[in-house]
Amino acid sequence: MASLFTRSLRTTCRHRSLGFLSSSSPTWFNYRHCEGKFDTSNKHEERDTSSFKSSKSACYSTWYLAAAGICSFSSAMLLESSCSSLEEADKESGQIQQNDVRTPRVVFVLGGPGSGKGTQCSKIVKNYGFTHLSAGDLLRAEIRSGSQYGAMIQNTIKEGKIVPSEVTVKLLQKAMKESGNDNFLIDGFPRNEENRAAFETVTGIEPEFVIFFDCTEEEMERRIMNRNQGRADDNIDTIRKRFKVFVESSLPVVEFYKERGKLQKIDATRDIEDIFKSLKPLFTPFVEEDLLRLTKELLQCIDVGDYAVYKRLCDPALTAFEPESHGHLVEGLAFHKFYFDIGRMFPALSSQSQISSPKVTLVGDDAALVTYTRLRQSTTMDGVPSVEAFNETRVWERKPDSGGMLVWKNVHFHRSKSPRHRPYRKAKKGKDARKGC
Ligand SMILES: Nc1ncnc2c1ncn2[C@@H]1O[C@H](COP(=O)(O)OP(=O)(O)O)[C@@H](O)[C@H]1O
Ligand SMILES: Nc1ccn([C@H]2C[C@H](O)[C@@H](COP(=O)(O)OP(=O)(O)O)O2)c(=O)n1
């Protein structure tokens, strides 16, 4: 963190070169994510974004956007006004925008009625930060809302049949927009070929994989009869009809994904914890990806001097060993904030970092080590380019945020010293020359 002293963080110079990354860029980012009210008519932003992409630094720019989460799917969706009913959603169909940097992750969860889809989904949500969208719950909520589709949905469900895809896809689309997330567990969908094709056509999204809870009818029937949620369709007549519809309409969808190598079949007759254990490895790669993305975002906010993002990503009790602490363990954020603060005094300097040879090691469910070499390019006060290479280890821990959601926080880091390399400067004799690599 302390090399911020020389690299001086975010610079006016970069603000200018990256156009829309003005001094208010963090606000821009937060605005989209927290309030979702960004004005799409903002010409300044549109113009600057396009020139940014076409610039020489497009590579870095794209990386920056991804790292900062600026172009996430949820942001794109939040750009659109949220609609309060399905009727309003009608007017907006097909408007989920997939931005180019980060596509949403969608996992479909299939299985017969009572196979335990909802039960496992709530465990996945708690552990992996997905938004759970149950097609059945959305349809039941639509009935309760008194919408024009209510009676039709109610009758269809009572008959154990499948509601037309047009309605279900719109409800899903609306819920996705409103979630502010870009990781979705979609439960009880697609239930037939029509559902599958409609979702893909309207959203353009393909699932990462599809979980299929394989359970016997006897066991499913037993579970539903004990479910006690007062559902109109949880009676023996409707249950039998639902089983029939499942075999005829939903199993072909399961087969479709099996042929495409996307199916994860789970023996759902076991007990709840056993089933969850076999689901965990499916989500581990997402956790690793997210940790790497968070680490990049952290380095990026250091480079650009965005303390607000740094504070969001780090635990207030962050500990660190870094060359600047001279072998002492630094505790808390004040030591690091100092460098962000003085960064503002050196607006002519700029820097950017890249991660090389990253390795993510999960330690149980709630802790992880991310190790890598960080290559940091910067310019000195006299405009000379320089490259440093640090070996860094960051310890991340998953902790509840103020709203009780589990989020990853950087709780400790360790950074090595770096030999300084100045590619455009003749090596001096003596001490400096030995430092260069
Ligand atoms: N593995 C399991 N073993 C026993 N009961 C279960 C299991 N999974 C879920 N249940 C119970 O069975 C009922 C149906 O589960 P649910 O998650 O609602 O199924 P689905 O969403 O597939 O219809 C619930 O009452 C739930 O508590
Ligand atoms: N994609 C979907 C999902 C559910 N439905 C309707 C028809 C289903 O029988 C009911 C209940 O579905 P839900 O997934 O909540 O419950 P079960 O898995 O059947 O226990 O909703 C639908 O029409 N289309």
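Backbone N, Cα and C atoms are what each Cβ position is placed from, and that goes for glycine too.
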Which of ARG191, ARG196, ARG227 belongs with GLY114, SER115, GLY116, LYS117, GLY118, THR119, ARG270 in the ATP site listed by TrEMBL = ARG227
Would you identify which residue of ARG140, ARG144, ARG222, ARG260 TrEMBL lists as part of the ribonucleoside 5'-phosphate site it also attributes to LYS161, ILE162, VAL163, GLY188, PHE189, PRO190, ARG191, ARG231, ARG242?
-> ARG140
Using TrEMBL as the reference, determine which range in 39-59, 417-437 is annotated region 'Disordered'.
-> 417-437
Under 6 Å from ligand 1 by Cβ, which binding-site residues from GLY116, LYS117, ASN195, ARG231?
-> GLY116, LYS117
Given the binding-site residues LYS117, ASN195, ARG227, state which is nearest to GLY188 (ribonucleoside 5'-phosphate binding site) when distance is taken between Cα atoms.
-> LYS117
Confidence summary (mean pLDDT) of the domain 'Calcium/calmodulin-dependent protein kinase II association-domain' (288-419) = 93
Given the binding-site residues ILE162, PRO190, ASN195, state which is nearest to ARG270 (ATP binding site) when distance is taken between Cα atoms.
-> PRO190
Sparsest Cβ environment (other Cβ within 10 Å) among binding-site residues SER115, THR119, PRO190 belongs to THR119
